[in-house]
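Everything below concerns the one structure shown next.
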């Protein structure tokens, strides 16, 4: 798809799906997101992901964290419904995001294997990717759930672990390797970095044009995961959710940098600019 056609498609999606709402609609109409994230010392990643989902327009955002962290996280974002990971079987989400700040302990790995593969559209990020890299057979098993596509959101280091390649090779052949991995495992790959690459198993590839070096700071990727999960929960197709989230995320980063400078902006600043990015993209 050409850049002009893609831009037109994105504007249409934002206008029709994010900027317009029926007068008699309710929160249940806008999707339920479940984010499984966080560990001791890494609660910020979980909270930032949940805030990204909130700013996507999702109707309900659930944040599942280790039991010992529930009370701590519960007070940080009042709009998010916080629960312990062992209670998530009570939730019926429209989309799941797994991984931000999750850790890679033996207990966490066992928990991951109880969640994935699953019958719900899933985004795997950060430590979720690191766990998956040690058992890619789980990703192949997800093909048993064709109604539940998977989006992986690795940075170059995580992509290197997934593919058993050096980071320098990943960076040199970003589009080629993203498309290759997506085709082999039947998933969507969002290879983050300068000009983030989105590739699917059909060979489509989108190279993002929004964003700036100020986004090279902690928590920014967690926000993207939440934003993408929120769009997925609102019945965006996996491809549309990935491409739209990547573009809006980059534009929000550009708006944050304009106000705060690239050196001074933070992931929280970016979150607060997502509504403006949506407005400007419609």
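Note that Cβ sites are derived from N, Cα and C of the backbone, with glycine treated the same way.
Any TrEMBL annotation is an automated prediction that lacks curation.
Remember, it's a predicted structure, so these values are computed and weren't measured experimentally.
Site annotation (TrEMBL): AMP is bound by 192, 193, 194, 195, 196, and the candidate from 164, 219, 221, 226 recorded at this site is 221.
Comparing the Cα of residue 192 (AMP binding site) with the Cα of every entry in 101, 155, 222, these being the binding-site residues, the smallest distance points to 155. In terms of Cα distance, the binding-site residues that sit within 10 Å of residue 221 (AMP binding site) are 45, 155, chosen from 45, 101, 155. Largest Cα-Cα distance over the residues recorded as binding (6S)-NADPHX, namely 45, 101, 155, 222, equals 15 Å.
For the binding-site residues 192, 195, counting C-beta atoms within 10 A of each C-beta gives the highest total at 192.
Packing around residue 101 ((6S)-NADPHX binding site) is summarised by its Cβ count: 23 other Cβ atoms lie within 10 angstroms of its Cβ, all protein chains included.
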